[in-house]
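Copied from Swiss-Prot, the annotated features are:
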{"type": "BINDING", "residues": "His88, His189", "note": "heme b b562 binding site"}
{"type": "BINDING", "residues": "His102, His203", "note": "heme b b566 binding site"}
{"type": "BINDING", "residues": "His208", "note": "ubiquinone binding site"}
{"type": "TRANSMEM", "residues": "38-58", "note": "transmembrane segment"}
{"type": "TRANSMEM", "residues": "82-104", "note": "transmembrane segment"}
{"type": "TRANSMEM", "residues": "119-139", "note": "transmembrane segment"}
{"type": "TRANSMEM", "residues": "185-205", "note": "transmembrane segment"}
{"type": "TRANSMEM", "residues": "231-251", "note": "transmembrane segment"}
{"type": "TRANSMEM", "residues": "295-315", "note": "transmembrane segment"}
{"type": "TRANSMEM", "residues": "327-347", "note": "transmembrane segment"}
{"type": "TRANSMEM", "residues": "354-373", "note": "transmembrane segment"}
Amino acid sequence: MTIRNQRFSLLKQPIYSTLNQHLIDYPTPSNLSYWWGFGSLAGICLVIQIVTGVFLAMHYTPHVDLAFNSVEHIMRDVEGGWLLRYMHANGASMFFIVVYLHIFRGLYYASYSSPREFVWCLGVVIFLLMIVTAFIGYVLPWGQMSFWGATVITSLASAIPVVGDTIVTWLWGGFSVDNATLNRFFSLHYLLPFILVGASLLHLAALHQYGSNNPLGVHSEMDKIAFYPYFYVKDLVGWVAFAIFFSIWIFFAPNVLGHPDNYIPANPMSTPPHIVPEWYFLPIYAILRSIPDKAGGVAAIALVFISLLALPFFKEMYVRSSSFRPIYQGIFWLLLADCLLLGWIGCQPVEAPFVTIGQISSFFFFLFFAITPILGRVGRGIPKYYTDETHRTGSVS
């Protein structure tokens, strides 16, 4: 090939060399398990949500008198509209399932520890953006649960001292949830997924700066292989399993993860007997309800994300992986059970004994993050191949 041809070869362009560096030749620890495949699955979910959302937006009308009917129009009159809507609605649930598994894998293997603090913090920001995007998207069908969910959740901002009421009025675009609110939420719901794409790319770039963690939690530059083709083939197994799982919900149980009240048009004069958010918000909603005071509940929700953000900045551990930390391993499984219990409590009425159970579960949730720094230096089974320098500094990288 001549010098001129080399200069104009597409594969020689910077963008392709960057893609090759991050997606093809990226050096990956050879012992990664299937638990490391949820990052790529999250990317697939995000693409599905954006593509289906763009097509749904072509037929949706963001007006309080037309929104509910436009959704029914998509379901009944648009060719393939039912498939688009069910893919989008259930795709949100799949997205959160994948991301929750991704987060718990990070907690189990301490993927948040040095030198990947920035990777973890970006992940928490992405998680927060997902919650905001999903919430405002849930309002758009303008059913009963959409309307009253928007009313209850947005009114929580009034608990902020001094500026709370002003923020609520700004969110509503008036003095109640109405047409201005719906228009604002539709605009933001269209915009935020693209911000999520940018945040995800930053997350990926930050990860590749120091490389992926591994099940042993031991850093090594020697035992690595190229991402392609080995981990593409490995991830392909997860992609196929995910496609089957996703298809079951779309074609056999498309409304199970939703709420039947949302098939009733929004009525400001009739309050549902029990207002509950989507299932993936239930653990956080249970923590919110466990505090009787509104301001205290909002502070507890803020503390959830502060705890996640602060996790990487606790003192370093001798060993990352829970495989060598049996005490932490047991506490981790208790945390997982606690989060499932919070999810169940979140959909129960606000009455005894559910309130008490929610308060105990919320206390243990925060206790986990409080004792994690201590557990980082407690345990047995430190691998013998750790060097003396590792033991002195507490660093595994």
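Cβ coordinates come from backbone N, Cα and C, glycine included.
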Whole-number Å distance separating the Cα atoms of His189 (heme b b562 binding site) and His102 (heme b b566 binding site) is 23
Close in space but at least six residues away in sequence, with Cβ under 8 Å from that of His208 (ubiquinone binding site), the same-chain residues are Gln21, His22, Tyr26
Hey, would you say the transmembrane segment (82-104) packs against the transmembrane segment (185-205), going by three or more CB pairs under 8 A that are 6+ residues apart? no
Other same-chain positions with a Cβ less than 8 Å from the transmembrane segment (38-58) and lying at least 6 residues past its termini are 74, 84-85, 87-88, 91-92, 94-95, 98-99, 101-102, 105, 186, 189-190, 193-194, 196-197, 200, 204, 235, 238-239, 242
Going by C-beta under 8 A and a gap of 6 or more residues, the same-chain neighbours of His88 (heme b b562 binding site) are Ile48, Gln49, Thr52, Gly53, Leu56
If we call contact 3 or more Cβ pairs under 8 Å (sequence gap 6 or more), are the transmembrane segment (295-315) and the transmembrane segment (185-205) touching? no
For His203 (heme b b566 binding site), the number of neighbouring Cβ atoms whose distance to its own Cβ is within 10 Å equals 21
Same-chain residues at least 6 beyond the ends of the transmembrane segment (185-205) with a Cβ under 8 Å from one of its Cβ atoms are 22, 39, 42-43, 46, 49-50, 53, 57, 60, 62, 119, 122-123, 125-126, 129-130, 132-133, 136-137, 139-140, 150
CB contacts under 8 angstroms to His102 (heme b b566 binding site), restricted to the same chain and 6+ apart in sequence, sorted by sequence, are Phe38, Gly39, Ala42, Gly123
Contact set of the transmembrane segment (354-373) with the rest of its chain, CB cutoff 8 A exclusive, min separation 6+ beyond the ends, reads 286-287, 289-291, 300, 303-304, 307-308, 310-311, 314-315, 328, 331, 334-335, 338-339, 341-342, 345-346, 348
Row His189 (heme b b562 binding site), column other C-beta within 10 angstroms, all chains, value 21
